[in-house]
Amino acid sequence: MEEPFLLRDELLVPSQVTWHTNPLTVELKRVSRLAAPMATVTIAQYLLPVISVMVAGHNGELQLSGVALANSFTNVTGFSIMCGLVGALETLCGQAYGAKQYEKIGTYAYSAIASNIPICFLISILWLYIEKILISLGQDPEISRIAGSYAFWLIPALFGQAIVIPLSRFLLTQGLVIPLLFTAVTTLLFHVLVCWTLVFLFGLGCNGPAMATSVSFWFYAVILSCYVRFSSSCEKTRGFVSRDFVSSIKQFFQYGIPSAAMICLEWWLFEILILCSGLLPNPKLETSVLSICLTIETLHYVISAGVAAAVSTRVSNNLGAGNPQVARVSVLAGLCLWIVESAFFSILLFTCRNIIGYAFSNSKEVLDYVADLTPLLCLSFILDGFTAVLNGVARGSGWQHIGAWNNTVSYYLVGAPVGIYLAFSRELNGKGLWCGVVVGSTVQATILAIVTASINWKEQAEKARKRIVSTENRLA
């Protein structure tokens with residue numbers, strides 16, 4: 001039974017190939033149909049906390065500093081972990097769907113939620129002491145107090161996210177991106193309304209946006225849960241197999257922990273970058289400029305993340321279905337989208353290099369500095385888009401551990417030391433720090449390219465078969 005399964009795409013009878021029937025063209029259309037909605041979804045999800053910070057900032061400079069600090073701390077210690085762990089579902093749910101093991105998909109998603117909740121309790125304990133932690137690290141007591149209060153009201157949002165992200169991956173791996181699109185955009189609009197109501201109508205100050213974020217995440221969780229429960233599209237996959245629950249949790253952590261390491265190591269690097277900028281000769285200027293560059297970079301990255309999610313889904317589905325060569329074509333299709341997307345946004349950014357800074361500041365010094373760093377930012381766009389796609393391949397294939405080790409070597413053994421050396425020893429300041437990021441991304445991209453090019457896709461399909469179809473928890 002296994003041989004036809006593994007060689008399904010090799011048994012297809014060749015026919016005359018035209019542009020419309022070319023495998024790459026066909027797969028490019030499929031990936032694009034997933035990538036476009038998912039890019040919108042990731043942007044909407046990214047804007048939830050951004051809108052909260054923007055609204056909180058209208059309460060004053062002190063409040064903005066406290067909220068920004070809380071947002072940074074909670075991202076590093078909580079939200080990044082939740083986002084990372086769920087990468088396991090891109091492997092497990094995606095390959096199960098491709099293998100038509102529909103009853104396993106719901107079990108994997110529910111096991112992820114059950115695994116996330118205890119972790120949220122542990123993170124919440126840490127968040128309760130944020131004020132004391134920040135003061136012990138030398139932060140201003142008043143800013144620390146605001147950050148601690150803001151983080152406290154974000155705790156419910158963490159639990160909401162623990163439900164939202166697994167359900168999102170549950171739908172994504174089945175190709176159900178239109179419901180994801182509508183729920184994400186609806187939640188964003190709801191969040192704007194709740195933010196305005198709590199801050200300006202009820203006068204809850206800078207805690208209002210945090211409360212709004214928590215309410216919005218739970219609103220998001222409820223509408224996603226309702227869709228999963230009542231939609232006919234999920235009829236085959238929303239079931240729960242109790243006998244597989246424990247083994248599903250084990251598999252979730254096997255792939256989730258290295259997946260979380262992949263995400264967290266990357267997120268944490270940029271927080272270290274901002275901290276280092278505060279030690280430079282002109283800390284106010286350097287921190288402001290690097291924060292602007294990081295914001296621009298993140299806005300682009302969430303678009304690349306949408307493409308990566310689409311590629312991950314197609315790769316995992318095809319490996320689970322025993323179509324290794326189609327999985328390989330999915331990678332090529334993702335890289336084609338990367339070329340178009342990164343070229344477009346890099347050219348756009350470079351063209352607007354002298355005016356984009358006005359979105360953040362009116363200071364000529366800041367504007368000139370941002371324009372000076374724009375070529376490096378364009379290079380980051382290209383590299384990060386490339387690595388995002390290949391990291392999506394890693395998650396879809398189930399080799400998150402390689403991605404985790406790659407990020408450790410690329411960013412912390414190469415990129416960070418190079419950046420610190422250029423910034424402080426060579427006195428390149430913020431430009432030196434960002435050069436370190438570019439060097440680290442280059443190493444990361446090179447390693448990922450070598451690993452991806454050397455993949456034996458037939459072997460990956462065999463591993464997917466053993467990982468998903470086996471009645472026991474045989475880990476590939």
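From the backbone N, Cα and C atoms, a Cβ is placed for every residue, glycine too.
Record features (Swiss-Prot):
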- 35-55: transmembrane segment (TRANSMEM)
- 66-86: transmembrane segment (TRANSMEM)
- 117-137: transmembrane segment (TRANSMEM)
- 146-166: transmembrane segment (TRANSMEM)
- 184-204: transmembrane segment (TRANSMEM)
- 208-228: transmembrane segment (TRANSMEM)
- 260-280: transmembrane segment (TRANSMEM)
- 289-309: transmembrane segment (TRANSMEM)
- 331-351: transmembrane segment (TRANSMEM)
- 370-390: transmembrane segment (TRANSMEM)
- 402-422: transmembrane segment (TRANSMEM)
- 433-453: transmembrane segment (TRANSMEM)
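Against the transmembrane segment (433-453), stretch 402-422 has more CB pairs under 8 A than any other of 35-55, 146-166, 331-351, 370-390, 402-422. Under the criterion of 3 or more C-beta pairs below 8 Å, with sequence separation of 6 or more, the transmembrane segment (370-390) and the transmembrane segment (402-422) do not qualify as touching, having fewer than 3 such pairs.
Proximity of the transmembrane segment (208-228) to the transmembrane segment (331-351) is not established, fewer than 3 Cβ-Cβ distances being under 8 Å for residue pairs spaced 6 or more apart. The transmembrane segment (289-309) shares the most Cβ pairs under 8 Å with 35-55, out of the stretches 35-55, 117-137, 146-166, 331-351, 402-422. The stretches the transmembrane segment (184-204) and the transmembrane segment (66-86) do not meet in space: the count of Cβ pairs below 8 angstroms, excluding pairs fewer than 6 apart in sequence, stays at fewer than three. Highest Cβ contact count with the transmembrane segment (117-137) among the listed stretches 35-55, 146-166, 260-280, 331-351, 402-422 falls to 146-166 (criterion: pairs under 8 Å). Relative to the transmembrane segment (146-166), the listed stretch 66-86 leads the set 35-55, 66-86, 260-280 in CB pairs under 8 A.
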